There are 2 protein chains.
Amino acid sequence: MVCVLQCYYVQRLTCTFLSFHRPILVHNPHLDGLKDDVLYHFSLGTETHDLPAMFGDVKFVCVGGSPWRMKSFIEYIASVLGMEDPKAEYPNICAGTDRYAMYKIGPVLSVSHGMGIPSISIMLHELIKLLHHARCTDVTIFRIGTSGGIGLEPGTVVVTKQSVDANFLPKFEQVILGKTVMRNTDLDPGLAQELLECSKELNQFDTQLGNTMCTMDFYEGQARLDGAFCSYTEEDKQEYLHNAQKAGVCNIEMESSVFAAMCKMSGLRAAVVCVTFLDRLKGDQLTSSHDILNNYQQRPQILVGHYIKKHLTHKKDS
Amino acid sequence: MVCVLQCYYVQRLTCTFLSFHRPILVHNPHLDGLKDDVLYHFSLGTETHDLPAMFGDVKFVCVGGSPWRMKSFIEYIASVLGMEDPKAEYPNICAGTDRYAMYKIGPVLSVSHGMGIPSISIMLHELIKLLHHARCTDVTIFRIGTSGGIGLEPGTVVVTKQSVDANFLPKFEQVILGKTVMRNTDLDPGLAQELLECSKELNQFDTQLGNTMCTMDFYEGQARLDGAFCSYTEEDKQEYLHNAQKAGVCNIEMESSVFAAMCKMSGLRAAVVCVTFLDRLKGDQLTSSHDILNNYQQRPQILVGHYIKKHLTHKKDS
């Protein structure tokens, strides 16, 4: 018993020590020489805003494509954490621009990122610098999104094990000065497991762990038959998607690879949690009703909300 | 004189004939089999909306990254064409979604596309299908945007001759079923020349014809020194940008290559008109005042507005 307790306290102390010392890493010696760092696409900056005062307490960041969804997430998380004020409007912190929207309540930040790798990449560069300038530590980040499933019942939530490219390889190609550099797309396996546990506790919808294919477009890049251009057959499409399935791909979206790569480089614990809107083996068009799709897209919010509440409650109790 | 008149009428008849027969081309045999084509990211569809009635008269389409800018463009074009109604609000036709915003006045459509190749690619697939379903003919399309210049005075407008990739090559790589297909990024040379003529007539700001480099991200992909990550020196950056300049690159943005490729494939006359916000040889950060940047970003609108007005006036007079 003494031994178990000792192990417990050593573990807690180690966690506390580690978490206290897990800063946000930027890898850019040039930043130190900047008097003012203008985070242009957020309409924020180090000279114009007191970033440590505004963001220093952030411990959880949720990002997603749609600005509306990220506003609804902050309202949802406020109610989950019992921090809602029925009279309060949650102001958009990036109101000076329409590139991204950003909301905050307590230790939770919610940011939209638009669609596709380039759009989320700009947002992540500026978010990582923001968290660094704000001297945040021990931050966990989630991408909550929508996706096409492969062989899954629509509405299934997929927690990404590895993000893979269009050839099912776990890598992200970053072009720097015209040369291609390969980056790792591993996500935090412990965090993924904790999210699966949360789903079991909630018991409201199916959640699976699987690989997520990240593509450069929604139509030809995902073997859809309903774009403006299509040079392949239904059989070609089925063969490609079945090969993806054999490689462990459960769903397809458009941001996970650069999200995984950049979060890993900056020391952020990261997870990708996407609901599937349809089974791509059975079709391409999103014909489900608005109500059904709306219900589906709340599922990643519910799962991540449960995780955040659990962690904050645990911290308060301990 | 008879000969000149004959030439004139033959030319006019040929133009009329050609313009009448210049439809929007989709290259997808599967579309004919769709009972309903849901343009999901526009929140429009062939069963739910009368697309020919809503869009059949469209002759000019303007696209740009920011939804605010595309709303301000439709207000501006309404005033230029004398079609404004001081009491009128221009409704967002895509109000059912926050992925893109769309506005229309008379024959002019204005659509936002977000940031980066994947985001504009989704929009263009659905726009090309929309124009096709609406049975539009003889449509001219402009991307009006912002960019970083190379060796140009900030505020200079660049009309793109060719869109080139990060190695200064005029191609767009489209991944289909995991394989890379090369697409041509030529833009309409006649339209570019007409825009340069318009700029001379306006005589309000400098406009240049040049190549535009289209990159996959804003920071490392454009050799910026102020991202969250940077593994190269100021000298490496300068060498890369000077090499780009030697290859005829006047400015850098993030959408022109797929825009050029998709418009060419669908038979849309297309031009890219971007203002430069800064000279990248002298810096990376956007530190100019809001008023200056706002003035700069109106310039592509003014140029394209002048072109549209000239063409509509010419049509009315003829």
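Placed from the backbone N, Cα and C atoms, the Cβ positions cover glycine too.
Over in TrEMBL, the protein carries these features:
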type: DOMAIN; residues: A:59-308; note: domain 'Nucleoside phosphorylase'
type: BINDING; residues: A:ARG99, A:ARG143, A:ILE144, A:GLY145, A:THR146; note: phosphate binding site
type: BINDING; residues: A:GLN222, A:ARG224; note: substrate binding site
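Remark: A:GLY145 (phosphate binding site) has A:GLY64, A:GLY65, A:GLU253, A:GLU255, A:VAL272, A:VAL273, A:CYS274, A:VAL275, A:PRO300 as non-local neighbours, by Cβ distance under 8 Å and separation of at least 6 in sequence. Contact annotation for chain B: of the listed binding-site residues (A:ARG99, A:ILE144, A:GLY145), A:ARG99 place their CB atoms under 8 A from a CB atom of that chain.
Separation of the C-alpha atoms of A:ILE144 (phosphate binding site) and A:GLN222 (substrate binding site): 20 Å, rounded to the nearest whole number. When averaged over the domain 'Nucleoside phosphorylase' (A:59-308), pLDDT in the model lands at 97. Rounded to a whole number, the distance between the Cα atoms of A:ARG224 (substrate binding site) and A:THR146 (phosphate binding site) is 16 Å.
Under 8 Å, Cβ to Cβ, and six or more positions away along its own chain, A:ARG143 (phosphate binding site) finds A:CYS62, A:VAL63, A:GLY64, A:HIS113, A:ILE120, A:GLU255, A:SER256, A:PHE259, A:ALA270, A:ALA271, A:VAL272, A:VAL273, A:CYS274. With respect to their backbone Cα atoms, A:ARG224 (substrate binding site) and A:ARG99 (phosphate binding site) stand 28 Å from each other. Here the CA atom of A:GLN222 (substrate binding site) lies 26 Å from the CA atom of A:ARG99 (phosphate binding site). Just so you know, of the binding-site residues A:THR146, A:GLN222, the Cβ with the fewest other Cβ atoms around it within 10 Å is the one at A:THR146.
Every protein chain shown contributes to the tally, and the Cβ of A:ARG99 (phosphate binding site) ends up with 24 other Cβ atoms within 10 Å.
All protein chains included, A:ILE144 (phosphate binding site) registers 27 other Cβ atoms within 10 Å of its own Cβ. Among the record's phosphate binders, A:ARG99, A:ARG143, A:ILE144, A:GLY145, A:THR146, no two C-alpha atoms are more than 20 Å apart, and one pair sits at exactly that spread.
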